[in-house]
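Annotated in TrEMBL:
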- 85-104: transmembrane segment (TRANSMEM)
- 116-139: transmembrane segment (TRANSMEM)
- 145-169: transmembrane segment (TRANSMEM)
- 181-203: transmembrane segment (TRANSMEM)
- 209-231: transmembrane segment (TRANSMEM)
- 267-284: transmembrane segment (TRANSMEM)
- 304-325: transmembrane segment (TRANSMEM)
- 332-351: transmembrane segment (TRANSMEM)
- 357-375: transmembrane segment (TRANSMEM)
């Protein structure tokens, strides 16, 4: 019998599972974000045209009618239905994810990264299958909400990202960790831009099912890779109960228990700040797609794909800008600069009535994502090492399928002095 027997006081370790090859986690992040960005704008456009067909509305498909600024009550009803069902999908996914994420975060620290990666991949795959049924069979739009909820129950894209960044932290050294994290960020940005262009090409004839079939193929490959090719990075794995209230109690104690190394006031304020940032970022994506479909813009699928690609570009430009600005500014000032560009971009969107002005707003968001990794780094320093697993569950809850968990980026400044100023 190989190995030694565990003593009664020691947790029983799971045997190492054989895999076809010890693959890295970067392909999973690339394929997952590719599939999600491919489906995101397409889902909004499908709901728009589905409600337009049901109500007998086809005005915004013609450029001449877009120049007419008169209020069309049918067009307003189409916009209202599309925005309401988008809200139902997002709220349903958030509420379910708020419950499941606190369980899955700490659970993956014990049982390994592969189970969470496989669960999240299956959830994304199931959501895509339900979307195909809705498009092909003209089922009720409510099934899209059901798919979103089931996906959130199994971890969603945020859970996959949390496990991916954690697996990189498991196997990388302090010198190589920044490079690996930057590579994951680059995978997110490149996959998003590539999926945006391909999605616009597939929608030239308004055949909405084609992008979903491509996403299904990509997610199938990703699920098989996670199950059989990904190399587990947690060496000491122990069986742990998933459905237990201990994880939720630990999250509450994280905020109510006073400790010398953390401030409850700073912890609550930083958590509120990152929640507001992610809410604005995610909420703007669907709203912008809906606004681009409506008058006075009336964009077609090609222009919407360009806009979607522009939304993914900050994942690369913000990473580069953060690296450069950290050499001359403190992290707090870098975050302030990112907030200023966020505000400027949103202000331009609010008054944009022509296509060049919309892309100007997208250009002003090139530093919009430098804020979240800085806030996460500050939060991570306020939490003890033993509480990192539970804190990771909170981060998963605040994230969503299209917003990646940015790494805690080290800077050249003396972080010890900054911590003393904060406390």
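Backbone N, Cα and C atoms are what each Cβ position is placed from, and that goes for glycine too.
Under the criterion of 3 or more C-beta pairs below 8 Å, with sequence separation of 6 or more, the transmembrane segment (267-284) and the transmembrane segment (145-169) do not qualify as touching, having fewer than 3 such pairs.
Scored on C-beta pairs under 8 angstroms, the neighbour of the transmembrane segment (304-325) with the top count among 116-139, 145-169, 181-203, 209-231, 357-375 is 181-203. Of the candidate ranges 116-139, 181-203, 209-231, 116-139 has the most C-beta pairs within less than 8 angstroms of the transmembrane segment (145-169).
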